[in-house]
């Protein structure tokens, strides 16, 4: 007889309130990549510090997480410890957090060389790696619209590889540096595309509590915050080790004093960058837990237009025809995915055993 603990989770509605909340958090965190690029443009050089900005905002989750767990425990008459993640899931999240930090480090390497408009489009290729990893590890099944979205969101950024030489040389160093940054961003996208589906796998494999009251970890926002906090703590540990080895702690005061925007703005950029990235990371994790890793990848691709606008307005980057084609193809892919999801949901007959979309991933545990 099939073990119910390993049964796939019921299909969750992609427009449930927690999913909308998560998508909004991803959009609010869109400025994080701008701040990373601005850090390098105005004289920043510390790779591990820029990586730390991307993973270190997790302590902001601790107060709302504690309050959420405490209120729910009092309501049900239990204890907070009963609502914590199982040890297996904590260990898996820690490993994935270290891999996520590696992806962020590769992104920092690419962002140091490439303009934001280029690096952001290259990050969209994570969707292809996401899809392949999802098929291999998470049992993802494609619809024709999903396939179309993945192809378009891959072909668009790939067009940047055929950008004219002026793009590769205009204020960004020699062509060799361009290609180095190009492949560093693709490597970051590949790691990210591996991590997102593996979060789903970890939830399925290790998301069951042991003991007499064994139950599966609920897809609540308290669960989302716990997983994100563990991954953030693991990623921060990796970054602290890297910063210590690279001598970043001794170099930060000197770098701040020589920063192009001033010492105060240097530290403000670090703080606001960490907050922006944490909003984005929490939103991505919410999309994975409350919907799917594929939707998380699609949503990350949606942030592209906003990143493009921010790069042109604040960093005065050029936006040529090749980038325009890549952007249009990426938006076309996103619209294709949304249409496919809507059409599939409309065509599916509602069954009595299906979960109502309002109960999927409740905001409280």
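Glycine is no exception: its Cβ is also placed from the backbone N, Cα and C atoms.
Annotated features in TrEMBL:
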type     : residues : note
TRANSMEM : 20-41    : transmembrane segment
TRANSMEM : 47-67    : transmembrane segment
TRANSMEM : 88-109   : transmembrane segment
TRANSMEM : 121-140  : transmembrane segment
TRANSMEM : 147-164  : transmembrane segment
TRANSMEM : 176-199  : transmembrane segment
TRANSMEM : 220-246  : transmembrane segment
TRANSMEM : 266-287  : transmembrane segment
TRANSMEM : 294-315  : transmembrane segment
TRANSMEM : 321-340  : transmembrane segment
Do any residues, 6 or more residues outside the transmembrane segment (20-41), come within under 8 Å Cβ-to-Cβ of it, and if so which ones? 50, 53-54, 107-108, 111-112, 115-116, 119-120, 221, 224, 260-261, 269, 272-273, 276-287, 290-291, 299-300, 302-303, 306-307, 310-311, 314-315, 363
Would you mind listing the long-range same-chain contacts of the transmembrane segment (47-67), meaning Cβ under 8 Å and 6+ residues beyond its ends? 32, 35-36, 39-40, 80, 97, 100-101, 104-105, 107-109, 111-112, 222, 225-226, 228-229, 231-233, 235-236, 239-240, 242-243, 246, 248, 252, 270, 273-275, 277-279, 281-282
For the transmembrane segment (88-109), out of 176-199, 220-246, 294-315, most C-beta pairs under 8 A are with 220-246
For the transmembrane segment (220-246), give me same-chain residues lying six or more residues beyond its boundaries with a C-beta closer than 8 angstroms to one of its C-beta atoms, as numbers and ranges. 18, 21-22, 46-49, 51-52, 54-58, 61-62, 64-65, 68-69, 72, 83-85, 89-90, 93-98, 100-102, 104-105, 199, 203, 278, 281-282, 285-286, 289-290, 361-365
